[in-house]
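Enquirer: Following this message is one structure expressed as structure tokens.
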Amino acid sequence: MGAMDLTLRAWQPDDADALRPLLDDPEIRRWTRALPAAAWIAAQQDGSRHSFAVLRAGELVGNVALKTPGAGLAYWTVGYWTAAHARHQGVASWALREITAWAFGAFTMPSLSLLHQVDNPGSCAVANRGGYRLAEQLPPGGGYPRPGHRHVRDRA
Ligand SMILES: CC(C)(COP(=O)(O)OP(=O)(O)OC[C@H]1O[C@@H](n2cnc3c(N)ncnc32)[C@H](O)[C@@H]1OP(=O)(O)O)[C@@H](O)C(=O)NCCC(=O)NCCS
């Protein structure tokens, strides 16, 4: 437990009731897959990723995920969101540090990537603060209508 009393654990089917109001947020709907809560949790367990609920003092406040290369991508990616009421309190930054350390310890990938669209300055800031440097600009595609950034953090 850190000073903020944050923990990670795997998503569970019975998180759906707590998750439902969190997904009903325009920013999360804008940047993540819009699915009903139970389907969203099931999708985290489809073998394409390792997703973790972020809890603060036992309350659900976010998500952080490590996605395996796939869907035409050559690299592993990390992603995150924070519940609207818990933003600007260091939750995503903490979760990104945790999953980065866990991923490099559990797997042998030489680097981790983080993708966001150009008009998501919050995600860009979290990436930079987490030691993920801007590596390339990405053209629109793959369901993303705007250009994006790929940030990269190399294994230390
Ligand atoms: C982007 C997001 C994950 C940030 O989560 P968070 O828990 O608020 O992030 P942190 O508190 O760790 O933020 C760290 C710093 O990043 C910067 N930052 C965070 N959100 C920002 C925003 N909307 N605009 C500009 N800078 C922002 C700030 O410098 C912030 O520090 P500060 O609050 O002390 O100013 C959150 O706003 C979110 O869930 N958005 C919707 C989903 C999403 O965009 N996910 C990422 C898809 S790639």
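The chain as shown is numbered from 1 upward.
Positions of Cβ are set from backbone N, Cα and C atoms, glycine also.
According to TrEMBL, the protein has these features:
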type	residues	note
COMPBIAS	147-156	compositional bias 'Basic residues'
DOMAIN	6-156	domain 'N-acetyltransferase'
REGION	137-156	region 'Disordered'
Enquirer: Determine which residues of the chain contact the region 'Disordered' (137-156) at the Cβ level, with the cut-off under 8 Å and only residues 6 or more beyond its ends counted.
Expert: 71-72, 75, 100, 104, 109-119, 124, 127-128, 130-131
Enquirer: For the compositional bias 'Basic residues' (147-156), DSSP counts of helix, strand and coil?
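Expert: Each residue of the compositional bias 'Basic residues' (147-156) counted once, the result is 0 helix, 7 strand, 3 coil.
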Enquirer: Restricting to the domain 'N-acetyltransferase' (6-156), report the mean pLDDT as a whole number.
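Expert: Averaged over the domain 'N-acetyltransferase' (6-156), per-residue pLDDT gives 94.
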